Amino acid sequence: MSNGGYQDVVAKLETLKSQFVARVIAELDLNIGRLRTAGPDEPGLAIVRDGHDWLHRLAGSAGTFGFTAFGETARALELCLQPVVDSERADQQAMLAQVLDVNFFTRLDSLKSLLAADAGDSAIPVLQNSVTATVPEALLRVDLLEPDPALSRELADSLSRYGYEVVAFDSVPAFLASNPSGGITTIIANIELQDELQPVFDHQRQLHRELVIYLSRDDSFDVRYCAAVTGAGGFFPLPVDVPALADRIEQLSQEWEESAGGRVMVVEDDEELAEHYRLVLDQGGLSVSTITRPAEVMTQLAEFRPDILLMDINMAPYSGVSLARMVRFQPEWLGLPIVYLSSEQNRDTQISAVAQGGDDFIEKPISDERLVSVVKARCVRARQLAKLASRDSLTGLMKHSLIKQELAKEYSRCQRYSQVAAVAMLDLDHFKSVNDTYGHATGDTVIRSLANLLRHRLRKSDIIGRYGGEEFVVILPDCDEVQAERILQDVCDQFSGLVFSSQNTEFEVTLSAGIAILGEFGSAEAALNAADEAMYHRKNHGRNGVTLYSSMRQTGAGEGVASG
């Protein structure tokens with residue numbers, strides 16, 4: 001965040017603090033006056049219940065705005081009234097005179113002076129050093145720090161086949177001289193440069209230790225452990241297994257993408273507090289939607305579709321626990337993490353709230369730093385769980401059922417708007433032989449390598465899924481036959497140049513693809529079958545390339561059967 005943006009957030013937080021003070025001053029006079037009139041009758045008990053709820057809200061929000069002593073005193077006064085609120089009506093009347101004594105009102109009056117005493121404190125610290133969400137595309141760049149020019153060229157050439165932009169440097173000073181500030185990158189560095197490289201992270205905010213992969217000719221425990229101590233994201237012995245290295249780069253990229261940002265919905269009836277949370281979470285790199293009227297929850301859920309729901313428990317006349325239960329009525333929100341953010345301190349109440357539809361409980365007040373940290377961690381976990389449900393565990397691509405749903409959507413879009421789109425079926429050539437010769441673990445490496453290459457070689461708008469085994473489906477929106485053939489032929493060419501190794505043997509694998517245009521068929525399923533037929537035609541005519549269904553039909557060739 002720029003200094004101007006940071007100062008703007010600070011100014012807004014100070015404004016919220018001033019608004020909080022003005023509101024509390026007015027509420028103090030009103031509520032102290034009402035409590036002084038409370039007698040041992042039903043109207044008096046109603047005043048005490050209202051006073052208890054008011055003190056509860058103050059205790060939860062005061063600390064957020066920097067009024068620590070004020071909030072602690074409000075909490076103590078709330079607890080004084082708690083037995084009256086929790087008791088049976090007959091006992092309440094007897095207890096009232098004992099609770100509302102001189103000492104109680106002396107402490108209640110002290111809230112004014114405590115508010116004035118804390119007013120000079122700054123608002124809770126803003127996350128000036130927080131890193132806002134970054135575009136995942138930035139991680140397509142790889143900075144390679146390797147003094148050996150031959151090794152550097154070999155690695156750069158191999159990684160570029162996966163679609164990475166590799167920039168090579170022979171030393172740390174050369175790397176720094178390039179002014180590496182254009183975005184977040186993965187760094188691959190020779191372990192010999194570790195001592196020079198580590199201090200750089202303390203001064204270059206866009207460089208991250210967890211995105212560093214070290215290469216070393218020494219594969220001893222001590223060297224690996226030393227790399228782990230620095231916080232590195234990976235370690236590979238030389239000579240390096242390039243497909244495994246590319247796979248680790250992809251894993252780091254996905255982890256970074258999941259950790260960058262997140263979508264949070266905050267349900268909080270205190271407007272100043274809700275806006276404070278929004279500003280702080282937004283600066284922490286999160287997308288935030290705030291709701292101060294709980295009746296709007298379901299509508300906003302459908303529109304905003306958050307990763308997590310952050311909600312207060314006590315929002316009179318609404319209960320956060322009941323709202324959570326209502327949200328769970330909808331099957332699509334059964335997996336939505338609901339985190340209570342409340343000043344409720346009773347452990348039994350907290351446990352009960354979590355048991356009735358919640359996932360976690362955070363006590364107010366909470367520091368800005370901890371709030372962002374907890375919410376980000378929850379968002380990452382929510383995204384990981386959502387990914388497990390919809391993504392293939394080996395490749396991270398869409399599962400069979402989901403890619404078919406996406407194909408049906410794209411087919412409908414083409415029909416509705418008269419647009420052109422292509423679907424392709426891809427299959428690894430002779431893959432059974434790879435598994436039989438080198439084992440299934442090596443076969444899995446080949447499959448992941450193709451998935452990684454597809455992610456980086458295809459367009460951002462293209463949709464990729466693992467159809468099953470070694471088969472993949474690619475949907476190419478706004479793409480005609482000529483474009484689709486060019487794009488997928490490039491994929492075939494690049495993939496055939498990848499070198500895999502197993503059992504001290506190096507080998508290559510090729511790829512066959514068939515393409516069909518969605519609009520030329522009566523259904524999405526028919527187009528997919530046509531692409532499959534074209535792919536098998538390619539299998540029977542040399543493999544390692546692309547066949548268009550339309551060209552295949554023009555030549556009068558029928559569907560054939562090929563083994564792998």
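Heads up, the Cβ atoms here are built off N, Cα and C, so glycines get one too.
According to TrEMBL, the features are:
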type    : residues : note
DOMAIN  : 13-118   : domain 'HPt'
MOD_RES : H56      : phosphohistidine
DOMAIN  : 263-379  : domain 'Response regulatory'
MOD_RES : D312     : 4-aspartylphosphate
DOMAIN  : 419-551  : domain 'GGDEF'
When the domain 'Response regulatory' (263-379) is classified with DSSP, how many of its residues are helical, how many are strand and how many are coil?
56 helix, 27 strand, 34 coil
Give the number of CB atoms, excluding that of D312 (4-aspartylphosphate) itself, located within 10 Å of its CB.
26
What is the three-state DSSP composition of the domain 'GGDEF' (419-551), stated as helix, strand and coil residue counts?
64 helix, 38 strand, 31 coil
If you count Cβ atoms within 10 Å of the Cβ of H56 (phosphohistidine), leaving out that atom itself, what do you get?
26
Helix-strand-coil residue split for the domain 'HPt' (13-118), DSSP-based:
94 helix, 0 strand, 12 coil
Inter-residue Cα distance where the pair is D312 (4-aspartylphosphate) and the residue listed as 'phosphohistidine', in Å:
12
